[in-house]
Amino acid sequence: MLKVRFAPSPTGPLHIGGARSALFNYLLARKEDGVFIVRSEDTDLERSSRESEHNIMEALRWLNIQWDEGIEVGGDNGPYRQTERLALYQEYTDRLLASGDAYYCYCSEEELEQERQDLMAKGETPRYLGKCRHLSAAERQTYEAAGRKPVVRFRVPEGRQILINDRVRGEVVFDSDGIGDYVIVKSDGIPTYNFAVVIDDTTMNITHVIRGEEHLSNTPRQVLIYQALGLPTPEFAHISLILNTEGKKMSKRDGDTAVIDYQAKGYLPEAVVNFIALMGWSPPGEEEFFTLEEMTQAFSLERVSKSPAVFDLNKLNYMNAHYIKQADPERLTDLAVPYLREMGAIPQGTLSEEERAWVTHYVQAIINHLSYMAQVKDFVHYVQGGEAPTPEGEALEILQGEQVPAVLDLFVEKLKSLEAIRVDTVKPLFKQITKETKLGGKQVFMPIRIALTGQMHGPELYDIVPLLGLENVLSRLAGTKALLAGSR
């Protein structure tokens with residue numbers, strides 16, 4: 001049975017790159033009726049926290065990436081935190097020490113740094129040259145009597161070609177002579193990544209390791225441990241780096257990189273999942289919008305590119321805007337409420353039926369202007385009380401047209417004649433005014449829009465008027481007429 005895993009370090013939030021790795025593992029597991037495990041690589045004791053671990057799990061759940069075994073769900077292959085598996089690592093450490101594939105190293109940091117500097121001065125690759133490879137029991141005893149705490153190093157075989165048939169990158173060959181003996185257990189007894197990950201993948205029966213390209217250089221070290229222990233090696237698939245639109249590695253300077261940042265801004269999870277799936281995976285055909293189920297059916301490692309993926313925020317915004325337009329209005333209302341409350345546009349506490357209806361109408365009125373839901377805050381000034389923003393530039397010039405006072409007066413007259421201010425009652429007024437004044441549509445619509453919002457573009461006028469309400473509309477129109485009177 002196919003088994004895959006996602007193994008984040010709980011030292012911070014789930015980032016876009018990690019979310020993509022989790023997604024690709026999830027998709028392959030679902031496609032092949034396999035098992036998806038999520039575990040925690042928490043051996044960085046200073047930086048790891050249960051809070052970060054939980055936040056990562058919540059981010060995965062928000063993306064609807066569900067796992068079969070692991071953190072917070074349990075399973076038959078636990079425990080799923082590395083700090084709870086130390087006794088298991090010790091068993092395998094003892095096996096490597098007994099077979100001579102590992103040894104204790106007592107070199108100090110100063111000695112290692114000097115060796116590193118000497119190799120660099122010769123133009124050679126920095127690596128450990130094996131000073132402690134053949135220590136006698138007496139030499140070990142002397143070091144320990146001096147208070148030196150050893151690490152455990154893996155004895156790298158010399159002159160070996162390490163071949164990796166990567167499912168994404170093809171055949172990759174490494175030379176063991178360029179690696180040097182590396183640490184597998186630190187002096188405090190905590191295993192290093194390259195050792196612990198092998199034991200975890202083995203004991204959890206992982207068949208496929210799908211992870212970021214940055215781990216490719218670790219793979220020969222892990223393969224050597226598999227071979228020394230006589231363990232089967234999983235299939236590897238190293239997915240490409242994610243670059244910004246300038247072709248550089250993503251960083252904080254490129255904006256938000258954590259999944260929670262996009263959740264906080266009101267991106268829809270299905271849009272984020274769709275977007276990150278297309279960073280490195282090319283589905284068959286021309287379609288670019290997929291449900292999670294559709295992605296599962298179409299996914300294969302053969303269609304994952306080894307070329308760098310590009311994080312294009314404009315593409316994410318485009319995709320999210322599409323999903324917003326497709327979303328249920330009630331869901332969008334729920335998403336909009338916290339942002340509107342935050343700015344005081346609606347009251348705290350449970351909304352009345354009328355207040356909730358106002359939010360629903362407001363969101364639908366501006367839906368074509370939304371790339372993410374936090375932008376509902378950007379249009380409130382159009383539709384709530386108070387003066388409209390003062391028009392400037394071309395907008396002010398349009399208001400100074402000679403037909404404008406008559407258009408505004410006629411609009412006021414017709415509004416006052418309505419029994420109720422609703423979209424269906426307001427919408428016909430503009431055609432009526434156009435017909436009665438014999439003016440072009442733009443000569444009617446634009447002055448009214450600018451008078452009410454101060455802007456030349458925005459939501460439909462027949463939406464703005466009911467949202468503002470008659471009192472606010474009349475107030476803003478009166479303010480505009482006063483502005484014009486003062487400038488004439």
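Yeah, the Cβs are placed from backbone N, Cα and C, and that goes for glycine too.
Annotated features in Swiss-Prot:
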- Cys105, Cys107, Cys132, His134: Zn(2+) binding site (BINDING)
- Lys252: ATP binding site (BINDING)
- 8-18: motif ''HIGH' region' (MOTIF)
- 249-253: motif ''KMSKS' region' (MOTIF)
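A map of Swiss-Prot features onto the structure.
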residue	record	Cβ contacts under 8 Å, 6 or more apart
Cys105	Zn(2+) binding site	Tyr128, Lys131, Cys132, Pro150, Val151, Val152, Arg153, Asp181, Val183
Cys107	Zn(2+) binding site	Glu115, Tyr128, Lys131, Cys132
His134	Zn(2+) binding site	none
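Cβ neighbours within 10 Å of Cys132 (Zn(2+) binding site), excluding its own Cβ and spanning all shown chains: 18. Residue counts for the motif ''HIGH' region' (8-18) by DSSP state, with H, G and I taken as helix and E and B as strand, are 3 helix, 1 strand, 7 coil. Taking the centre of the Cβ atoms of Cys105, Cys107, Cys132, His134 as the Zn(2+) site, the nearby residues of that chain (Cβ within 8 Å, site residues left out) are Tyr103, Tyr104, Tyr106, Gly130, Lys131, Arg133, Leu135, Arg153. Mean predicted confidence for the motif ''KMSKS' region' (249-253): the pLDDT average there is 70.
In the three-state DSSP reading, Cys105 (Zn(2+) binding site) counts as strand.
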